[in-house]
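Undergrad: Here's the feature list from Swiss-Prot:
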BINDING   Gly77, Thr80  Na(+) binding site
TRANSMEM  3-23  transmembrane segment
TRANSMEM  39-59  transmembrane segment
TRANSMEM  67-87  transmembrane segment
TRANSMEM  102-122  transmembrane segment
Amino acid sequence: MNFVFLWAALGGAIGSSLRYFVGKMMPSKFLMFESFPLGTFSVNIIGCFVIGFMGHLAVKKVFGDDFGIFFITGVLGGFTTFSSYGLDTLKLLQKSQYIEAISYVLGTNILGFIGVAIGWFLAKNFVGVN
């Protein structure tokens, strides 16, 4: 029997549970914003960093396909969430919180990309997997 789907499902359960936990731990007030989806923002930035790091290791075949499916597809797929990002942005716009919405979109995209790049760089240069 092929356990690929079970690995992805198990990882997804772990990742989504972690996302829920992080979301509950984060305050809704952030910097000068009264309402900011800090939980979703945080998991997406953390997830970008981790996927950059693990993505490099996957390309270099440091771990097997099953672990990649479990961790990258499952855990990180469940942990990060583009759909919640879109919903959080829409809610900010509906409440006329335009500065928060713009800050959230720009911050998520810019810091997300930087997180991926830093994760990749660290995996490549400090783990010794070239």
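Placed from the backbone N, Cα and C atoms, the Cβ positions cover glycine too.
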Undergrad: Taking the transmembrane segment (39-59) as the reference, which of 3-23, 67-87, 102-122 gives the largest number of Cβ pairs under 8 angstroms?
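TA: Top-ranked stretch among 3-23, 67-87, 102-122: 102-122.
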Undergrad: Using a Cβ cut-off of under 8 Å, list the residues of the same chain at least 6 residues beyond the transmembrane segment (67-87) that approach it.
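TA: Sequence-remote neighbours of the transmembrane segment (67-87) are 4, 7-19, 37, 40, 43-44, 46-48, 50-51, 54-55, 58, 108.
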Undergrad: Does DSSP put Thr80 (Na(+) binding site) in a helix, in a strand, or in coil?
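TA: Thr80 (Na(+) binding site) sits in coil per DSSP, no helix or strand.
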Undergrad: Under 8 Å Cβ-Cβ from Gly77 (Na(+) binding site), six or more apart in the same chain: what's there?
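TA: Same-chain residues close to Gly77 (Na(+) binding site) (Cβ under 8 Å, separated by 6 or more) are Ala8, Gly11, Gly12, Gly15.
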Undergrad: What is the number of other Cβ atoms found within 10 Å of the Cβ of Thr80 (Na(+) binding site)?
TA: 21
